[in-house]
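**Student:** The following block contains the structure, expressed as structure tokens.
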Amino acid sequence: MKTLLTILTVGSLAAHTTVDTSGLLQHVKFQSSNFENILTWDGGPASTSDTVYSVEYKKYGERKWLAKAGCQRITQKFCNLTMETRNHTEFYYAKVTAVSAGGPPVTKMTDRFSSLQHTTIKPPDVTCIPKVRSIQMLVHPTLTPVLSEDGHQLTLEEIFHDLFYRLELHVNHTYQMHLEGKQREYEFLGLTPDTEFLGSITILTPILSKESAPYVCRVKTLPDRTWAYSFSGAVLFSMGFLVGLLCYLGYKYITKPPVPPNSLNVQRVLTFQPLRFIQEHVLIPVLDLSGPSSLPQPIQYSQVVVSGPREPPGAVWRQSLSDLTYVGQSDVSILQPTNVPAQQTLSPPSYAPKAVPEVQPPSYAPQVASDAKALFYSPQQGMKTRPATYDPQDILDSCPASYAVCVEDSGKDSTPGILSTPKYLKTKGQLQEDTLVRSCLPGDLSLQKVTSLGEGETQRPKSLPSPLGFCTDRGPDLHTLRSEEPETPRYLKGALSLLSSVQIEGHPVSLPLHVHSVSCSPSDEGPSPWGLLDSLVCPKDEGPAVETEAMCPSAAASELEQSTELDSLFKGLALTVQWES
């Protein structure tokens, strides 16, 4: 046995000595990376430019050598045997034969080769993505020439099951961060913006103790432009807000209503009291016999002054603007009673109603003759005024074409006050009726005389409506008016009490009365001496004419209980009819 071992050792040494001494071929070996197997060799000192090389290979355990196609009699000094040795679980041998001109061939064989054990791992393919405060690293899979049973290429992760990645990040060679894992995506967080970092990625296989060369990437984090974005956003927002504000202000300016002129500033003018609106009712005549025909003629209305609302006993009487209404004027003389003292004359109310003891010139009343006097009513002095005496006077030469009365009684029912009237005040149980005797001439109206009828002599027609058309919004009131004398129970009574309570300023007589049946309906046929008063419009709520009969004093007393609507309308009112000549 010792002899056999000695012979084999000497023979091998002799063979190697023969190959090495030729100087044509040396350093035959496999170089494998990522399972790509390349056979390489070097020429010896005796090799020339015309030396050619041939390559053969075989699998471990086989006796027959296989020639590599494409690697026969070549002058280059490498041959790719990747496809011939792709089974990474097998062992292979390869040999190279060098032939020089005029010399014997020289052959050299490699050691046993296993790609799984002898292959090296290349650096991984990594992409480094810099961010403002982080760096992201993506590892791409590495493909190998090794084919699976189904024919697709295998990756390193599929061949080396224990493979993992090691990542390092260096900052100025003083600070480093480490990450490891089998995943393919990694990110280093918390970095400084606008700073350069050096990263390295290595593949490790613990079982075979393989380690790839590191992949090095130099990357710089992005600068922090957050403040720029914030500032830009704030500027854009401010500009948008400013544009919106300008548009809104422009819209408000365009749609703003114009400022009214100072001439329409009513509050500046009406400084004494707020503006009040009163309801007016105008009596419109529908027939005037004074004209040449029966058609309605233009009519001028006189000024009618109506006393204010009634006040409770003892209260100071004040006139209100809502109690007065002006409806036209006509050129006639002013009549007044003669028995009223001049110092007790009360001027018509002005725009600033005040209860004053002195007579003030009216600010809106027509001009009055020097001898004109107005009825004075002064309950403040506590005087008892005797009723004025009426004497028949001559017929007026000039009478108004027509007149109408408009009254807005804003007061409410209250206890009758103390009044001084131009009419005789009747005692309780007595009734005095005045009849109006009137004469109508073409284009002229004359008032005749006043006939005073005593008790028992009063006869009334069956139909005696109010001789003066009157409109009001106030319902009937059955209370009576009382004077300061306790024996005087009533102020106005009867259908003609209105005309009998009217005093014409500027003339000492009262309005003449005459018993005459006047119809308030404008549809009555036939002309009448009372055509002027017939033409006045009746109240809107007036019904048919109330039938009256001749009454004795007892009948007159019963009539006191049934007051007409006209009595209730003029209750508590001291009427003064004024014509301006």
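Counting starts with 1 at the first residue shown.
Just so it is clear, glycine is given a Cβ too, placed from its N, Cα and C backbone atoms.
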**Student:** What does Swiss-Prot give as the disulfide partner of Cys217, choosing from Cys128, Cys247?
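**Tutor:** Its disulfide partner, as Swiss-Prot records it, is Cys128.
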**Student:** Which candidate in Asn87, Asn172 appears in Swiss-Prot with the annotation N-linked glycosylation site?
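**Tutor:** My reading of Swiss-Prot gives Asn172.
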**Student:** Which one of Ser47, Ser307, Ser414 gets the tag phosphoserine in Swiss-Prot?
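**Tutor:** Among Ser47, Ser307, Ser414, the one Swiss-Prot marks as phosphoserine is Ser414.
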**Student:** What range among 101-122, 255-276, 343-364, 519-540 does Swiss-Prot record as region 'Disordered'?
**Tutor:** 343-364
**Student:** Would you please pick out, from the glycosylation sites Asn80, Asn172, the one with the fewest other Cβ atoms within 10 Å of its Cβ?
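**Tutor:** Checked Asn80, Asn172; of these glycosylation sites, fewest Cβ neighbours within 10 Å: Asn172.
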**Student:** Given Asn80 (N-linked glycosylation site) and Asn172 (N-linked glycosylation site), what distance in Å do their CA atoms have, once rounded to a whole number?
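**Tutor:** Here the two Cα atoms lie 43 Å apart.
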**Student:** Between 0 and 100, where does the mean pLDDT of the topological domain 'Extracellular' (16-230) sit?
**Tutor:** 90
